[in-house]
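Beneath this line is the structure, given in structure tokens, with notes to follow.
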Amino acid sequence: MANAPVSPVVLVILDGWGYRQEANANAIAAANTPNVDAFFATYPSTLIHTSGKRVGLPDGQMGNSEVGHLNLGAGRVVPQELVRISDAIEDGSFLRNDVLVKVCRETRQAGKKLHLIGLCSDGGVHSHLNHLLGLLDLAKVNGIADVHIHAITDGRDTNTTEGINYLQQIQAHIDKFGVGSISTISGRYFAMDRDRRWDRVKQAYDVMTQNGNLDQRSFAEILQSHYDNGVTDEFIPPVRLKEGAIEPGDGVIFYNFRPDRARQLSYALVDKNFQGFERELIPDLNFVTFTQYDANLPVQVAFAPQNLTKILGEVIADNGLKQFRTAETEKYPHVTYFFNGGLEVAFEGEDRELISSPQVATYDQKPEMSAKAVTDAACQAIEKGIYSLVVINYANPDMVGHTGKLEAAVQAIETVDHCLGRLVATIGKMGGTTLITADHGNAEYMADQNGKSWTAHTTNPVPFILIEGERRKVVGHGADVVLRENGCLADVAPTILDILGIDKPQEMTGQSLIAPAPYAVTRRR
């Protein structure tokens with residue numbers, strides 16, 4: 001006799017779908033969303049926190065996709081690398097970090113150059129300006145005179161033309177302490193691609209690893225010229241200001257702490273089997289990354305990864321249940337690597353499907369992205385009737401929100417709403433329960449108070465909607481399930497375990513978002 005189909009719990013992550021009451025510059029409010037509107041009107045919902053200390057970041061710091069998925073999968077507030085590194089600088093232990101001191105000492109003794117690569121902003125998503133300034137202080141203390149900064153401009157996690165101000169702050173620090181020079185500039189569109197668009201990465205790689213062909217203008221003149229022509233920080237074409245190429249035996253510190261957008265350039269610089277584009281390997285680089293970008297990278301890591309145990313994926317596997325993850329390229333690492341606490345490998349019984357993101361320069365050109373294909377993959381997996389947990393990410397609100405184009409963001413929201421209608425119907429047909437939430441805000445705030453396009457994330461809360469399925473009811477509740485207020489992302493994994501009837505491990509400090517029933521009820525799941 002065949003086993004009955006499994007009725008899953010499906011976690012749907014609407015990346016960048018925040019909540020904001022004001023309708024102005026709000027793509028979500030402006031969009032036609034009949035499905036989400038019906039969900040809010042019909043099913044229990046609440047708002048949860050996705051920023052600041054509630055997700056392991058400094059107070060007031062906006063959340064991001066990496067942090068969001070770490071907290072979602074871990075079931076606890078995970079102290080973030082931004083805080084770890086900033087605290088080390090503040091308490092002085094940064095200057096005693098064994099890996100950082102070692103690369104400085106060996107670079108000085110060999111008479112080589114020290115290169116500092118990273119995103120130059122205070123966005124706090126991939127890097128922080130204070131960390132670069134801390135590295136300049138480290139170089140000064142260790143007597144390194146030849147220090148070259150390969151600046152990556154932001155314009156995505158910050159205002160679009162703030163780059164000139166950040167570089168001026170760096171230059172002021174250089175002038176004050178007498179160490180370092182801004183040798184190259186590359187927009188993050190080139191240096192921090194994560195979708196194997198190697199033609200972009202090659203342009204950044206070339207300016208960092210070659211000499212000659214210098215732009216004689218100051219960095220301020222270069223950036224202002226681009227701003228005047230409508231080119232913002234994210235898209236600044238790679239340019240070389242001073243001689244200072246990365247050469248054999250040099251020391252290199254890549255100070256981004258978030259891995260996903262630092263991997264490709266790192267592989268280009270150190271991987272002997274690299275095939276992204278034609279280049280000769282630069283031998284004997286003394287290469288350090290702030291955090292572990294990839295376990296297979298032949299580099300030293302200054303801040304070793306935290307070991308998270310008994311996370312959601314692991315608990316599901318330990319209970320002999322199968323799970324499925326899917327997203328398109330832009331968010332695939334988030335539902336796999338980050339959701340699994342920084343583990344590259346899948347758990348036993350964890351299946352994955354990667355959907356390719358469209359090959360366009362910016363996603364306002366195709367706001368629907370690959371949402372339909374993601375929905376197809378999710379529905380097919382759900383209909384197999386073998387998965388107890390399904391995790392899906394829709395990238396559209398975040399990726400199109402980052403373009404700052406309101407009309408395109410509205411189209412992105414409407415695309416996702418349409419897909420949700422089909423997805424939730426499929427889950428319902430299988431008797432499953434749907435949890436709809438987001439990892440952080442973005443698309444609900446597309447322009448600042450001055451009307452200038454806003455391309456960064458927000459600190460707004462996000463929705464959490466619970467749609468019970470007939471064969472996956474919440475245990476111990478009657479007809480009405482009540483969701484508590486003031487929750488956070490760390491509470492989602494315990495909620496899933498609550499619905500599945502699995503005991504929460506003590507390592508999970510989050511609490512189920514399902515409020516205790518006011519009276520005892522026995523109910524079939």
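The backbone N, Cα and C atoms fix where each Cβ goes, and this holds for glycine too.
As the structure is a computational prediction, the values presented were derived from the model and not from experiment.
According to Swiss-Prot, the features are:
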- Asp15, Ser65, Asp439, His440: Mn(2+) 2 binding site (BINDING)
- Ser65: active site, phosphoserine intermediate (ACT_SITE)
- His126, Arg156, Asp157, Arg188, Arg194, Arg258, Pro259, Asp260, Arg261, Lys331: substrate binding site (BINDING)
- Asp398, His402, His457: Mn(2+) 1 binding site (BINDING)
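Calculated from their C-alpha atoms, the gap between Asp157 (substrate binding site) and Ser65 (Mn(2+) 2 binding site) amounts to 12 Å.
Using a 10 angstroms CA-CA radius around His402 (Mn(2+) 1 binding site), none of the binding-site residues in Ser65, Arg194, Arg261, His440 qualify. In space, Asp398 is the closest of the binding-site residues Arg194, Pro259, Asp398, His457 to Asp15 (Mn(2+) 2 binding site), judged by Cα positions. Using CA atoms as reference points, the binding-site residues Arg194, Pro259, Arg261, Asp439, His440 were checked against His457 (Mn(2+) 1 binding site), and the closest is His440.
Site extent for substrate: among the recorded binding residues His126, Arg156, Asp157, Arg188, Arg194, Arg258, Pro259, Asp260, Arg261, Lys331, the largest C-alpha separation is 17 Å. Of the binding-site residues Arg194, His402, His440, His457, His457 has the largest number of other Cβ atoms within 10 Å of its own Cβ. Sequence-distant contacts (6 or more apart, same chain, Cβ under 8 Å) of Arg261 (substrate binding site) comprise His126, Arg188, Met192, Asp193, Arg194. According to its DSSP assignment, Pro259 (substrate binding site) is coil. Annotation for Asp439 (Mn(2+) 2 binding site): same-chain Cβ neighbours under 8 Å, separated by at least 6 residues, are Ile13, Asp15, Gly16, Thr50, Gly63, Asn64, Ser65, Val67, Gly68, His69, Leu72, His334, Val462, Leu489. If you count neighbouring Cβ atoms within 10 Å for each of the binding-site residues Asp15, Asp398, the highest count belongs to Asp398.
Between Asp398 (Mn(2+) 1 binding site) and His440 (Mn(2+) 2 binding site), the C-alpha separation comes to 9 Å. When the Cα atoms are compared, His440 (Mn(2+) 2 binding site) and Pro259 (substrate binding site) turn out to be 18 Å apart.
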